[in-house]
Every structure is written in structure tokens, then in C-alpha cells.
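According to TrEMBL, the protein carries these features:
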- 62-175: domain 'VTT' (DOMAIN)
- 6-23: transmembrane segment (TRANSMEM)
- 35-53: transmembrane segment (TRANSMEM)
- 59-75: transmembrane segment (TRANSMEM)
- 82-103: transmembrane segment (TRANSMEM)
- 123-143: transmembrane segment (TRANSMEM)
- 155-173: transmembrane segment (TRANSMEM)
- 185-202: transmembrane segment (TRANSMEM)
Amino acid sequence: MVQSGHYLKIVSIIAFVIVLFSFHQRLFDISPEDIRTLIYTAGWFAPLFYIFLYLLRPLVLFPASIFSIVGGLAFGAIMGSVLALIGATGGAIVAFLISRRFGEDNFKHKKVLELMNKFETKGFYYVLLLRFLPVVNFDLISYGAGLSKVSLKDFVKATVIGIIPGTLIYNLMGASLVESDKSTMIWVGVLYLIVVVGPIIWKSNIMKRIE
């Protein structure tokens, strides 16, 4: 009976992944401008609606970077960054809690276990490092951390600190699209390269200190 329940859980997960993949393919046809238009339909409640959508975003694995760009497009660089930080952190917590509640007993792959052990020993530093690395999927970090024993407190602190640079850059990028200021776009491009390349260059040194 227990074994049949386990198989049913696995089948349910597979079915969910298939449905999610199909839906996810359609989501990529949506542009930042489309999302901004949707957010504006909420009127005075647009900022809250934006945060609400950001909370739901991890459930469909829609790119967090696009939502941050939308923040700059819809609310400007400063307000957009604040709202994006709130939404991104909240969305990360949602993914973390879902993974911790439903995923811990279903993922026992060797590589996953190795990653979980690293999170358990120095979870804050690993989450922080991964948040700084733009090449690592935002939601993968959240779901992966949820499978480990890293505390929610450490996860949230590392997430907030780690996403600040990228969030600011993406919001500046969105705001510059509205202003159509070439000089601003150039500066944003330079800052983006620094945020992207910097952590990758220093990754090995940081990893040595952590370990």
C-alpha cells in the first residue's frame, strides 16, 4: 500500500512536469511589455498585483530576470527595484517551502544528496554564492535549498543580499527602455557585464574560502 502510494506520487510529479513544460513553452511568447500592460490593469493596486504575480512566478518557472525588467518598465528604476526585491524574495520563499514540504522524500539522487550536504554545512554561503552567479537558474537554487536542511532564515538572508545587484541592473535596464536614453543603456550594459562576469571570475576563490 505504501509502495503504491509512492508510485502514485511519482506519476503525479511526472504529469505535473509535463503540463508545466507545455505551459512554460507558451509563456516564453510573453514579452515584458505584455506583463506591464497586464499589471497596469490593476490600477492603484498595480504594485501589489506585480508582487502577487512575482510570488506565483516560481510555480511556472517563468524567468525572474524578465519580471525584474518589468519592474523597471512599469514603476521606474527605484520603485521597481524595491518591488522586485520584495517579489523575488517572496517567490523564492514560496519555492523553498514547496520543495521542503513535498520534495525531500522524493529526490535521493547522488548528486542531489551531495548538494544537500553542502547546503547543510554552510548553507548561507552557498546560497549567497549561487545567487551572485547569474548562470544558475533562480528557481533551481530555491527548490534545491528547500531539499536541504539549510534554515529558512539563512536562505532568506542570503537571497536578499545575493539578488540585490542583479535586481538593480535588470530594473535599470527596464527603466532605460522607457526613457530610450542611449547613454543610460550603455552604462546598464557595462554594469550588467560586471555583475555577470565578476562572480564567475571570483567563483573559484570564493569556493576555496567557503570550503
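Each Cβ is built from the backbone N, Cα and C atoms, and glycine gets one as well.
Bear in mind that TrEMBL entries carry predicted annotations, made automatically and left uncurated.
Nonlocal intrachain contacts for the transmembrane segment (59-75), taken as residues 6+ away from its ends with a CB within less than 8 angstroms of a stretch CB, comprise 20, 23-24, 27, 32-33, 35-36, 39-40, 46-47, 50, 53, 81, 83-84, 87-88, 91, 94, 138-139, 166-167, 170-178. Long-range contacts of the transmembrane segment (82-103) within the same chain: residues 47, 50-51, 53-59, 64, 67-68, 71, 75, 138-139, 141-147, 152, 155-156, 159-160, 163-164, 167, 170-171, each at least 6 residues beyond the stretch ends and with a Cβ under 8 Å from a Cβ of the stretch.
Residues belonging to the domain 'VTT' (62-175) score a mean pLDDT of 84 in the model. Shown for the domain 'VTT' (62-175): DSSP residue counts in helix, strand and coil, namely 95 helix, 0 strand, 19 coil.
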